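Here is the structure we will look at.
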Amino acid sequence: MSDTDLNATRRDVLKSGAVAAVGLSGGGLLSTLQEADDSDTAGDAVTSFLGEDQVVKTACSPNCRGKCPLDVFVRDGQIKKVEQQVPAAKTFKRGCTLGMTHLQRVYNADRLKYPMKRTSWSPDDPQPDQRGADAQFERIAWDDALDLVADGIQRAKREYGPRSLLWHSGSGDGGITGYRRLKELVGGLQDDFTYGIDTNVGQGFNRVTGEGGVFMPPTNTADDWVNAETIIIWGSDIFASQFQMDAEWILDAKRNGAKLVVVDPVYTNTAEKADLWLPIKPGKDTHLALAMMQYIFEHDHYDEAFLRSRTNAPALVRADDGTLLDPASVTATPPEDGIVVFNTETGSPEVVPAETNGPFALFGEWTIDGTTVHTGLTALREQASSYPPQAVADTAGLAAADIETAADWLATRGPGGIMPSYGVGRYLYGHVFGQTYATLLALTGDYGRHGNIHAQHPSYDGSYLETGDWNDPDGAAGVDTYGYNRVLDLLANGDPVQTKFMYGMNSNMLGNQFPERDRWLDAMSNLDTVVWADIYHTPTTRQADIILPAAHWFETEDLLTTYTHPNLSYRTKAHDPLWEARDDYYIMAGLAQRLGHGDKFPDDKHDVLDRFVKNDDRLSWDALRETGTVATDETPTVAYTDEFGTESGRITVYDDDAPVEEGPALPDDGVSLEVPKPLEARTADDWAHADEYPLLFMQKHSKWRIHSQWANVPWLREINTEPQLDIHPKDATRRGIDDGEYVRVHNDRGSVVVRAKYNDGIQPGLVNTDQGWWARDFVDGHLQDLISAETAKVGRTFAFYDCRVEVTRAADEHQSNEYTQHNPRGSSGTATDGDSS
């Protein structure tokens, strides 16, 4: 069966969406009407176009954190247009271009229509080598598909044990589904990006403060940012990727007099708004933060009261072994959270609990009962002294005066903060930056005050929905969790268990964000059965044995929450799923019925949502249906007003129980992280292969996609037509590369062919190709073939930016433009131009 049978062809889309598919092929309304005019429906289409709409209140649901409310205009059962819904609350007013293009996501030529089975697959003879771009599929009935999936689950458990099942879900849908409930009931393993993707910064911050998890830490709510006097945006292009939520608050702060510093190697939309742009060399972020600390120490700009009362800066450290002095050596009954400090008034040590201020020495060295001790802050100051701005300026590619200005603004202007995002942690040892900036903010006392900022993601705890035991039902078998960094070995080597069955959803994992893609493809060949549920036929579904067509967000009812604004949205169904697509909830319910858990899933998903709404006093169906969005908490919140979550209740300026990081370019015995220490792998100037691969390679986020979602939307492809390599003209001309030529980007792991684009806003020595493109979008190779899947011992996070490459002009055969009508080669949008239905 061909892909034109597997996917929604252009003619199919037009039949299902009529003129709702306006512009699907990039031709606009008139061409759409002309294409539809192969029957007597053209007149009806025009009449429908001029009719009246029903406005359905729903919401966008990707992993951008927005969950923006949308008005969907429906006529004759078809979506005609999408507009931004405008709630009354200022905290939630902006949508983006992506949300306005959902028409072309619902009525898209890549839509999966029916359940499919790979023709060369059977339970007894899976033939995994037949998976891939050339795999052929045949249509099967839903009952047959669910029977095959359920039988595969039971067979794997029977022959290899319950942990032979692997459940995978990405972040492609922010709604509440039955996925987690089913996997808990059935058991097995689940992979989880808690370790593996974008977790470095949060890990480092958490280790110092005891707060947050492994992603971005808690911070003041966005509506409090207006009180900031200095905002440092570190490694994030908020004004391109998060403007609908975060940008307005930063602009409000600037209008109120705040200084905006942007640390980014690329001149971004956000850098353009800065009072001070620091175009740092990639991988030098910890160097810069330590230089700022050195300046603050040298000029006595640190917050003494905060350091004494809310950090372990005055804690006494043994010089012989680096451990904190034991409180029991000073008093017989020390408080649980006590630290030993030196009281300058009494001239003796004493033990004090958290949140205690007093005449405690911040610096100094003493001998107590024959043991030489110094304060934790003394050790930190000694470490920072090796990184004065004048020395770091050359290392980081910055002006020393600019480093000093940034440090001075942060330390002296009043409350402020540092707003990192995930990009700054996309290096092998990126967690050290998390430790470093958390410590830097402790020096300036920027915790627990109005105007403090600690992350790009504001924290609205009240926006969560209480789901009770829905995701942890009674009698559940439970699942074991493996971070993405361990799943590759799990699949490749069967360590620690043989994995034979995989169910995936909400994810295009093999198209985006899984480095060393070929290793993943090889590892998945050890699976007997791969099942994937998706809206579209993606690079990942092409590796499946059974494909289940999922419904678009506008075809399902759901509730949406997010921790980054104080609102909850109700996703109303605009129309039923097209063709035989199904809401993931009903797919899970169908499997549950076959696996003996049917009684755990109500027949109607609305009954589940009704249970959640009735259990939450803030919500009512009347309000949800009328407005689509309900504000759950609009009170500005200041984070870190209570004791910190560390053992001492204080920020750990000096960590005597620090982990030892091990990995490339580090000593054989590793590096202990009592205080921040700049660690680098491939970004280091003296990296072993730096001469062979002299260019650092980033893959930043694009404002035209959320990961790989929206990569197949024709309207957006008219603007962002194909992958390109941002390269500084100096680097290009040195290699004989003209602007617009196709180039081969390569290293010892792989290569990709893309079009070169001169960009003066990217510094020499650095190149970039935005992430999120599908495999078919590249002329040859793949972006993720270049990235190492190696992770460090402590960080355990994929280091997408820790990558070096060389760039050469591509072969002559690749120099012709292979993109037609804004569609990539091989896409359904192009391949079905002349199809028959």
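The backbone N, Cα and C atoms fix where each Cβ goes, and this holds for glycine too.
Among the features that Swiss-Prot reports, signal peptide is placed at 1-36, with the record citing sequence analysis. Feature annotation from Swiss-Prot assigns domain '4Fe-4S Mo/W bis-MGD-type' to 53-110; the stated evidence is sequence analysis. Summarising the annotation, Swiss-Prot assigns [4Fe-4S] cluster binding site to Cys60, Cys64, Cys68, Cys96 and lists sequence analysis as the type of evidence. For Asn200, the entry in Swiss-Prot reads Mo-bis(molybdopterin guanine dinucleotide) binding site, with the evidence type similarity to another entry. Sequence annotations record features per position, and here Swiss-Prot assigns region 'Disordered' to 813-837. Feature annotation from Swiss-Prot assigns compositional bias 'Low complexity' to 826-837.
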Compare the Cα of the residue listed as 'Mo-bis(molybdopterin guanine dinucleotide) binding site' against each of the binding-site residues Cys60, Cys64, Cys68, Cys96 and report the nearest.
Cys64
Would you mind ranking the binding-site residues Cys60, Cys68, Cys96 by how many other Cβ atoms sit within 10 Å of each Cβ and giving me the lowest?
Cys96
DSSP-assigned states of the domain '4Fe-4S Mo/W bis-MGD-type' (53-110) in counts, ordered helix, strand, coil:
11 helix, 20 strand, 27 coil
Using a 10 Å radius on the Cβ of the residue listed as 'Mo-bis(molybdopterin guanine dinucleotide) binding site', the other Cβ atoms enclosed count 31
Neighbour count, 10 Å Cβ-Cβ cut-off, for Cys64 ([4Fe-4S] cluster binding site): what number do you get?
24
